[in-house]
């Protein structure tokens, strides 16, 4: 049985095709002000991704609330096998390709697969790549990431190419939540050129100017999380920069 591209992924592909780039906002369900964040971003984000540790409030309840508040596609970004709920629209079905621990490469997604099928969730097959300085962040520590050095962009490119050969349609270049600096432009460009699949970039993107650069370098999706928690109003300017970069990129590509 061949898994077909679902409604959420089709919608996202259309946004990328028409706008040149999409903007995802990451909401940690453990944040007490997740309702406030959802209200602030609903008119600016193209999709919401939910990820992080789960505290007192259940993931089911948080996901349902965020869907009701925003009216946007809600995509799970699970930190482990328990980070799945039937209330979501889709899930980033991912492998942390450069983890030193096979649990994060293959065991965790395998353990979660039956639950995802049971819930009827749409899957977005994705390679998750930990990029320097991710080892200094929580995800780098927990995921035992063998981080890809920023000065070796070709390594990320080859991983991305490998992901495309495995049939994945998305690559997430992740510097880590609250990272000191983002994934560099050359690495984004090489990853896009070699793989030809959708490139998501997150971690350390704090200004609209940096987001613009990342899109022009080849990013199809920009993700912000920590920024959104600290300054929900910043998403308005971030969206403007991402969409401007997307249109500028489309114009540039049309001339080639």
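Every residue gets a Cβ built from N, Cα and C, even glycine.
Taken from Swiss-Prot, the feature Mg(2+) binding site applies to 28, 53. Reduced to three states, the DSSP call for residue 28 (Mg(2+) binding site) is coil.
Residues or ranges marked as sn-glycerol 1-phosphate binding site in Swiss-Prot: 172, 173, 174, 175, 176, 177, 178, 203, 204, 225, 226. Cβ contacts within 10 Å of residue 176 (sn-glycerol 1-phosphate binding site), excluding its own Cβ and spanning all protein chains shown: 26. In this structure, residue 176 (sn-glycerol 1-phosphate binding site) belongs to neither helix nor strand by DSSP; it is coil.
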When you tally the Cβ atoms that lie within 10 Å of each candidate's Cβ, which of the binding-site residues (178, 204) has the highest tally?
-> 204
In this structure, the one of the binding-site residues 28, 174 whose CB has the fewest other CB atoms within 10 Å is 28
To the nearest whole angstrom, what is the C-alpha distance linking residue 178 (sn-glycerol 1-phosphate binding site) and residue 28 (Mg(2+) binding site)?
-> 13
How many whole Å apart are the CA atoms of residue 172 (sn-glycerol 1-phosphate binding site) and residue 28 (Mg(2+) binding site)?
-> 18
